[in-house]
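Taken from TrEMBL, the feature Mg(2+) binding site covers THR56, ASP58, GLU71, GLN89. The domain 'YDG' annotation in TrEMBL covers 1-86. Look at TrEMBL and you will find LYS73 tagged as site 'Transition state stabilizer'.
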Amino acid sequence: MYTGKRGQAFEIELNYTNQLYKNKGRALINKRPTPVKVLKSKGTRVLSGFFEEKSTVDYDGVYQGRSIVFEAKSTNEKRLPFSIIQDHQVRYLDHAEKQGAVSFLIVEMSAVREVYLIPNNMLQKYIKNAKEGGRKSIPMYDIEVYAFMVESKNGVPLDYLSVVDSLIESAA
C-alpha cells in the first residue's frame, strides 16, 4: 500500500473493516505481508533487511465463495497518479480477474476526504490509454463519475463489500 505517513490511518481503517467483516462472518479478507529478508534483528525488531521480491497486492480473501484481490492506495492529490501503482500490481489485478476473482483498487482521496473503489476494468482502460500517450493519472472528475464511493455503513467504516455486491450483480 502506498502510505508514507498519510496512508497509515487509511490502512488501519481498512484492516479494522476487514476484522469486522470476519467477526460478522461476512468475508475473510487478509492483509498480505511484504516479503522481507531479515539480515539483522534484535528480539522482534528488524534492524536491517531488504525486500526479497515484489509483492503482489495488499489484500486478498474470499467473499461469497469468490476470490477478492485488491490494492489500497492513498493520495493527497485530486487525481490518482499511476506513479503510485506498480506495473506488477496492475498485471496481478488483471490476471486475478481473468481467473474469476473480483479485483480492484481502493483509493483514499485525502484531498477531498473520500474513498473510492476503482474496478479493475476501469483501471486497465486508463492504464492502456496512458501507455498510448494519454494521461498518466485518473482525474477526480472521472473517479467521481465512473468509480464507486465507499461509505461508512452496515456497521463498518469502509463498507467496500456493498460495492463488490454491485460489481458481482452487474457481471452476472
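Positions of Cβ are set from backbone N, Cα and C atoms, glycine also.
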Across the domain 'YDG' (1-86), what is the average pLDDT of the model, as a whole number?
83
Hey, does DSSP put THR56 (Mg(2+) binding site) in a helix, a strand, or just coil?
coil
Specify the count of other C-beta atoms within 10 Å of the C-beta of GLU71 (Mg(2+) binding site).
26
The number of other Cβ atoms within 10 Å of the Cβ of ASP58 (Mg(2+) binding site), counted over all protein chains shown, is 22
Determine, to the nearest whole angstrom, how far the Cα atom of LYS73 (site 'Transition state stabilizer') is from the Cα atom of ASP58 (Mg(2+) binding site).
9
Which residues does GLN89 (Mg(2+) binding site) neighbour through Cβ under 8 Å, counting only same-chain ones at least six apart?
THR56, VAL57, GLU71
Conformational class of GLU71 (Mg(2+) binding site) under the three-state DSSP mapping
strand
